[in-house]
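Just below is one structure, and these are the notes that go with it.
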Amino acid sequence: VLVRSWCVVSGQVRYSVPEEAKVGTVLGRLWQDVGLEGGDVEARRLRVVWQGRRAGVEVSGASGALVVSSRVDREELCGKSAACSLRLELLLERPLRVFHVELEVTDINDNAPLFPAARKNISMAELSLPGSRFPLEGASDADIGANAQLSYTLSTSEHFMLDVKSSDENRQFLFLVLTKALDRETVPVHRLVLTATDGGQPSLTGTAELVITVLDVNDNAPQFNQSVYKVQLPEDSSSGILLLMVNATDSDLGPYGDVIYEIETFDPASGSGQFSIDAKSGEIRLKGDLDFEAVSLYMLQIKAKDKGTPPLSSHSRVEVVVLDVNDNAPEVWVTSLSVPVPEDAPVGTVVALLSVSDRDSGANGRVSCWVRPASPLAVESRLMGSYSLVLREALDRERVWEYEVEVFAEDGGQPSLRASRGVRVPVSDVNDNAPRFSQAVYTVLCRENQGAGAEVARVFARDPDEGSNGRVRYSLWEGAAGERAPVGGWRPASSYVSVDAESGVVWAVQALDYEEVQVVQFEVRAVDAGEPALVGNATVQLFVVDENDNAPMLLPTTGGGGAGLVPPLSPVAGTSLEAVSGQESETLWAWASWGGPAGQVVAKIRAVDADSGYNAWLRYEVLEPRGKGPFRVGVYSGEVSTARALEEADGPWQRLVIVVRDHGEPSRSATATLSVSLVEGGEKALAAAGSSSVSGLLLPGEGGTAGVVSSWTNVWLVVSICAVSSVFVVSLLLYGACRWWARAGVVSGPAAATLVCASEVGSWSYSQRQSRSVCVADGAGKSDLMVFSPNLPPLLPPSA
């Protein structure tokens, strides 16, 4: 509602505006009120000039109207003044004119009553008498007039009422009147609401909360909420842990209601060091260590008292039940130990007696025992808490000489606790192992002519026993007294070799001669020093390897045309004629006829070598005359034949020096001198007839036939030797393979000895010398043929 009134008195204009008018409200049209033309307002620049306080109004530039530009608050502009008028000037230019304007701001009920504090705290003694009066402070209202007239009301209460008094100055005084006696233990605090209402339309209200606290007196003793407290506490509880909190309440306030706690008595008395109580909070805490095994129940007498004079008190009992926990590991003790244990101890032998205990009770005290690691030892229960460590398997000291075992004991708690005790059980040795050779059969090669005392082999036997039970001595065993080989034709092995008792070295008693013995087979025994002594056996096969220590030996010679039989030349080492020039022997002789065809056999040189193999393989050469002569000799047959037809120019006789060599390294040789007389065919016949009394003479025709037969015999002999050598090599390969695969299965000990025998081989032409037998430790000897396959040169075809 806009109320506008104006009048022009001495050029003054008056306007009225209610507070809180909306922004944009038009208060008046100045150009009309002051008598100006509308078109001149903007051109003449009409503006407002304030004098003193400023209100939120301004002049509209286009229309020249006075409008509300911002919030207008009468209480802010004029406060509690009954009249609120503001003065301003309107300035108009061209020409300059000033108009005085008065603006009146009217009040509306826009402010509610307001108490000095929203909450008022009042303290009253519990013994205050009814009718007691307590002054209160009233509310204020920023408005004026009827909008500021206040009335008061109090919320409903059976203990209090409100009394309002008015003074002559139209001021109000408020009093809170006690109508009923107070009881702090029943209602310690009273809360009331004081309401102030103004006279505006509509009316506004304001409130304040009255908090009335009843002050206490010591008229009540503390009271526990329980007469008996029961608590269960594990024995492993840590120091300082809270057991429980006792609670005693005193309905009084202040020092009369403050409760102090204390422990009067302990049962047992040792509990005084175990528990403590907080005097203010009543918290009972553990301050020592509990042990179920020592004390399982504590009784505490608790006292609560207030701070009155005299103090009032009450009592309660706390029962602390200690719960067993698995806090004690089992204990294992060795009460008896019988060591060392013989390795032949029977199963079930008691090695040690054990005592096992656990201080806990129930399942926490039930103990089970076992042994680790896995071993022939086991734990057996005998009585409650008594166990024995016994053998459950046979012992073998050679496999395990000592057992380090742990006897574990574990209780039945959750989690379980475990203890252990180490037990060392050494195993003593008994003589239960015979010496065992590294090989059941030793095959050894030994060159002949090694001097006495030379080491030819070494055997080794191991006995896993210890001490004297494992000390081994070696000996050569030749059978029982009645089983030795006869002296005639056989010699005992001890005549060739001996065995060192400590080291097992086999050494030669004398120099070995391949031509005398090729294989020495004997048995070596290893005997320990135990009681009774145990024996191990091994067979040693000693093969004598041939050395080229024999030169070829010439035999009587047969001639084709005619040859004298003379004693054989002694074999001499070397290849030169001078090597035998000093030897006293008759010269071999033969004859040949002039004109005979080439290839006619004149004589045959025969020789043998006591060695064997390559060392006994002989070849023949013409040493003199050198160059191309009328005669030649068969390289392997020894046949002296004509190289061409003989002529008179060849002279009446020819002297030939023939050397016989073996294939040894170095080679050995022998020489023969052959004188051949050249005669005509008739003279040859007469000479043959005249010397018919000489043994060993051959006719020329017979000599040729014998040469052919001898050549073919040599060819077949070489073929046979090669075949036998091949079979022997294959046999050696098969034997070596079988020994390799079956070595692990060979068991040492007395057994029938395997005989490997051989005979020597002479020259490729058969030697009629008796072969030597093999010497073995016991049993009969055998004569076999052992051939070394030679690299043969091509055979020469027989001469026609």
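Cβ from N, Cα, C; glycine included.
For 59-115 (among others), the entry in TrEMBL reads domain 'Cadherin'.
Secondary structure of the domain 'Cadherin' (116-224), assigned with DSSP and counted as helix (H, G, I), strand (E, B) and coil, comes to 4 helix, 52 strand, 53 coil. Feature annotation from TrEMBL assigns domain 'Cadherin' to 116-224 (among others).
The DSSP breakdown of the domain 'Cadherin' (225-332) into helical (H, G, I), extended (E, B) and coil residues amounts to 8 helix, 50 strand, 50 coil. Annotation comment: TrEMBL describes 225-332 (among others) as domain 'Cadherin'.
Sequence annotations record features per position, and here TrEMBL assigns domain 'Cadherin' to 333-437 (among others). Per DSSP, the domain 'Cadherin' (333-437) is made up of 4 helix, 57 strand, 44 coil.
What TrEMBL lists as domain 'Cadherin' is 438-554 (among others). Taken together, the residues of the domain 'Cadherin' (438-554) have an average pLDDT of 86.
Positions annotated as domain 'Cadherin' by TrEMBL: 597-694 (among others).
The feature transmembrane segment is assigned by TrEMBL to 715-735.
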DSSP-derived helix, strand and coil totals, residue by residue, for the domain 'Cadherin' (438-554): 10 helix, 49 strand, 58 coil
